[in-house]
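Engineer: Copying in the features that Swiss-Prot gives for the protein in this structure:
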type     : residues                       : note
DOMAIN   : 368-397                        : domain '4Fe-4S ferredoxin-type 1'
BINDING  : Cys377, Cys380, Cys383, Cys426 : [4Fe-4S] cluster 1 binding site
BINDING  : Cys387, Cys416, Cys419, Cys422 : [4Fe-4S] cluster 2 binding site
REGION   : 468-492                        : region 'Disordered'
REGION   : 540-574                        : region 'Disordered'
COMPBIAS : 552-561                        : compositional bias 'Polar residues'
REGION   : 586-618                        : region 'Disordered'
REGION   : 634-666                        : region 'Disordered'
COMPBIAS : 648-657                        : compositional bias 'Polar residues'
REGION   : 682-714                        : region 'Disordered'
REGION   : 730-762                        : region 'Disordered'
COMPBIAS : 745-756                        : compositional bias 'Polar residues'
REGION   : 778-811                        : region 'Disordered'
COMPBIAS : 793-804                        : compositional bias 'Polar residues'
Amino acid sequence: MDVLTRFNSGKLWDFKGGVHPPERKSQSNQKPIRHAKLVEHFYIPVVQHAGEAGNILVKVGDYVFKGQPLTQGDGLRVLPVHASTSGFIRAIAPYASAHPSGLATLCLHLEADGKDQWREQQPLDDFLTQTPEKLIEKLYQAGVAGLGGAVFPTAAKLHSAEKQVKLLIINGAECEPYITCDDRLMRDYADEIIEGTRILRYILRPEKVVIAVEDNKPEAVAALRQVLQGANDIEIRVIPTKYPSGAAKQLIQILTGMEVPSGQRSSSIGVLMQNVATAFAVKRAIMDDEPLIERVVTLTGDKVRHKGNYWVRLGTPIYQLLQQVDYHYDDRFPVFMGGPMMGFILPDLQAPVTKMTNCLLAPDHFEYAPPAPEQSCIRCSACSDACPVSLMPQQLYWFARSEDHEKSEEYALKDCIECGLCAYVCPSHIPLIQYFRQEKAKIWEIQQKAKQAEEAKQRFEARQARLAREEQERKARAQKAMEARRQEMKTAQGIDPVQAALERLKAKKTDNDSSAKVEIKTIVTEKGDILPDNSDIMAQRKARRLARQQQTQNTDVSQVETNEENKSTDSKSAVAAAIARAKAKKAAQQGSALEKDEISSSDTLSVGNDTEPVAEDPRKAAIAAAIARAKAKKAAQQGSAVEKDEISSSNTLSVGNDTEPVADDPRKVAIAAAIARAKAKKAAQQGSAVEQDEISSSDTLSIGNEAEPVADDPRKAAIAAAIARAKAKKAAQQRSAVEQDEISSSDTLSVGNETESVAEDPRKAAIAAAIARAKAKKAAQQRSAVEQDEISSSDTLSVGNETESVAEDPRKAAIAAAIARAKAKKAAKANNHDA
């Protein structure tokens, strides 16, 4: 049997459980509905329904008219809110909310200007001229929600049940004690309720429409029947008074005897229910173009002097509303929103009135007693017996306390209508309804998180699919463009570029295959292993390494020879300068008597086989002195520390074909040195004017005609150096005592039994002396340990039987000197090891 058959039978059914609490409705239903005074400040929450908040359309400082939308949603479940009066938006901020938690919610602070000026309205004379879809959209824009307590968006409810409804029920039962807003609304505005009911019938097109009213409201029933005047399109049925007969599922069961399946809506069995206050709001929204900005609120309780029902603008602070009815605040007695069974205590009286505010109850000590202390459950099953939904509240209580959400869902906690009967009958005074509400909130939060995660997953998958699709489209476009370019090239050149590239690749591969493969040499080890033969590579590496080592050795030898040549050149320059200074000093003394004897005696000295006289022209001596000074200055910068030793030893060397040793008499050496110094001093005084010319011409002079290198026998050079060092040392010790005597007697001394005059060419003698000094200096540094042996053996050796001039080739002399130095160093090292 379907729902219509059961309804048409005219029978009323009963539901399980239920109670008959004291009604106390007469306190507030005796007077018609009055209008509450407008307050100065309204706090309009952006969420006043079962859903989410819309987008705010205004900003601080904006002026708004009465009925102007303040928010706008993007779906039928996101209802807009409207300005309760005209004025200015002063703030958009959190404010106290009418909720058991007392949490703040976002509100629009509207300051009224007192004009209460409507926005432009467009009333509708006949709703039959509009389509149901347009009427649903208009209800949505008006912000109409269920005013029976659930505040579910009416437009969404109608849209979801369209063309599925067989029975439309207008709920006028109002079973909650103390609440009389629906009763007075049916009495005072029955015609508008009937008009709203007909609009709903036009939208839903049900087969039957019924207005259900409890039998404790005879005045309301009479008012409705009077408006209908015998019309049969809407039926009125009076039901027995029993709590909670006004609940949707219980009222359906009373009228049809059918229960709504668990977890489903009433539309699943072809039934839709709306509250009488909602029908009234539908009529105002469709016909009068008035959004939902006010509702009827019951103000009752012994703490309220002027009890009754009032039209209250949404957003009115509750405390200011209670003050209008002469409410006496007492912190011992709370104020309830809703009735004593399903209502809750307001944590803050500054909270505003919203769409769900149907009653404000302010009891005194006769009506309210503090809740008794909670005791342990005694498993009496009174709650189960009273539950109109046939649940097991005691089991749900344990699940809620242990937060066993799965068990709570398994025991159908979601079917609980929160009527409060279980707590009302509990002998242990357990606030079961509070536990169930908290458990529902936790489960809802978990489900929301899961829903958000699923939505995020779907968005991610959709994004991945979109990216993959875009990638495929991009590849397809690239392939298409490539094919187009290929076709263009083929058309222009007559050759397919892809085919040509493949042919080139094939030809290249053929060439590589036909080329000779590199033979890899291998060797076989004793164990029979085959390894690559790297002997050629190793030989090449060894050759490169030896070449680098040889290059390094050649560089070192050339560097040593260069250093030795530089030292030899510097020593020769210093020796030549010293001899020149001595001769210049002697030449400067030519004007005196001693000078003449020195000159005459100097003619008897012979240096070698030279034939050119040096002292015949004193200008030559001056030139030589200038050259000597230039060289001496340079030598002084490089070796000032050894200058004196070089000068003192310069006159002790044998220059020519001497038959006797030059230094048999050390006095002769000292005399020669003194003469050289005197001549150098005089030449320095006379030759300053011609110094530059002398220096410029110094490079053109010849060193001599030496016949053979001094170092034909390197041992002779070493012996000569040793003799020179010994004589120089001895002469240095005697110079200080006999210097004056040596100078005075210098004219009468003979240097040796020489066969030719020494003064014929003094430059040759200077060269020979410089060579000897350089050798002596080198040998002195290397052979200090064997100096005495060399001196003792020097007397038995002959220096030379030289028949040719030493200075014929100065380069040969330098080479001989370098060789002599190297051999002397080697001999010194050998002697040191022997010692």
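Cβ atoms are placed via backbone N, Cα and C, with glycine included.
Situate these features within the shown structure.
Structural biologist: Long-range Cβ contacts of the domain '4Fe-4S ferredoxin-type 1' (368-397) within its own chain (Cβ-Cβ under 8 Å, at least 6 residues beyond either end) map to 15-19, 244, 247, 249-250, 333-334, 408, 411-413, 415-417, 419, 421-432, 435-436, 439.
Cβ neighbours within 10 Å of Cys377 ([4Fe-4S] cluster 1 binding site), excluding its own Cβ and spanning all shown chains: 17.
Contacts of Cys416 ([4Fe-4S] cluster 2 binding site) defined by a Cβ separation under 8 A and a same-chain sequence distance of 6+ are given as Val389, Leu391, Leu396, Phe436, Lys440, in order along the sequence.
Taken residue by residue, the region 'Disordered' (468-492) breaks down under DSSP into 25 helix, 0 strand, 0 coil.
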Engineer: Determine, using Cα-Cα distances only, which of these binding-site residues is closest to Cys377 ([4Fe-4S] cluster 1 binding site): Cys387, Cys419, Cys422.
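Structural biologist: Among Cys387, Cys419, Cys422, Cys422.
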Engineer: Are there residues at least 6 beyond the ends of the region 'Disordered' (468-492) whose Cβ is under 8 Å from a Cβ of it, and what are they?
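Structural biologist: Sequence-distant neighbours of the region 'Disordered' (468-492): 498.
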Engineer: Could you name the residues, excluding Cys387, Cys416, Cys419, Cys422, of the same chain that surround the [4Fe-4S] cluster 2 site, i.e. Cβ within 8 Å of the Cβ centre of those residues, in sequence order?
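Structural biologist: Close Cβ neighbours, site residues excluded: Cys383, Ala386, Pro388, Val389, Leu391, Pro393, Ile417, Glu418, Gly420, Leu421, Leu432, Ile433, Phe436.
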Engineer: Using the Cβ center of Cys377, Cys380, Cys383, Cys426 as the [4Fe-4S] cluster 1 site position, which other residues in that chain lie within 8 Å, going by their Cβ?
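Structural biologist: What remains near the Cβ centre is Ile378, Arg379, Ser381, Ala382, Pro393, Gln394, Cys422, Val425, Pro427, Ser428, Ile430, Leu432.
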Engineer: Quick one: pull the CA-CA distance for Cys419 ([4Fe-4S] cluster 2 binding site) versus Cys380 ([4Fe-4S] cluster 1 binding site), whole Å only.
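Structural biologist: With the alpha carbons as reference points, the distance is 19 Å.
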Engineer: If you average pLDDT over the domain '4Fe-4S ferredoxin-type 1' (368-397), what do you get?
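Structural biologist: Value for the domain '4Fe-4S ferredoxin-type 1' (368-397), mean pLDDT as a whole number: 92.
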Engineer: May I ask for the distance between Cys380 ([4Fe-4S] cluster 1 binding site) and Cys422 ([4Fe-4S] cluster 2 binding site), taken between their Cα atoms and rounded to an integer number of Å?
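Structural biologist: Cys380 ([4Fe-4S] cluster 1 binding site) to Cys422 ([4Fe-4S] cluster 2 binding site), Cα-Cα distance: 12 Å.
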Engineer: Round to a whole number and give the Cα-to-Cα distance in Å for the pair Cys383 ([4Fe-4S] cluster 1 binding site) and Cys422 ([4Fe-4S] cluster 2 binding site).
Structural biologist: 4
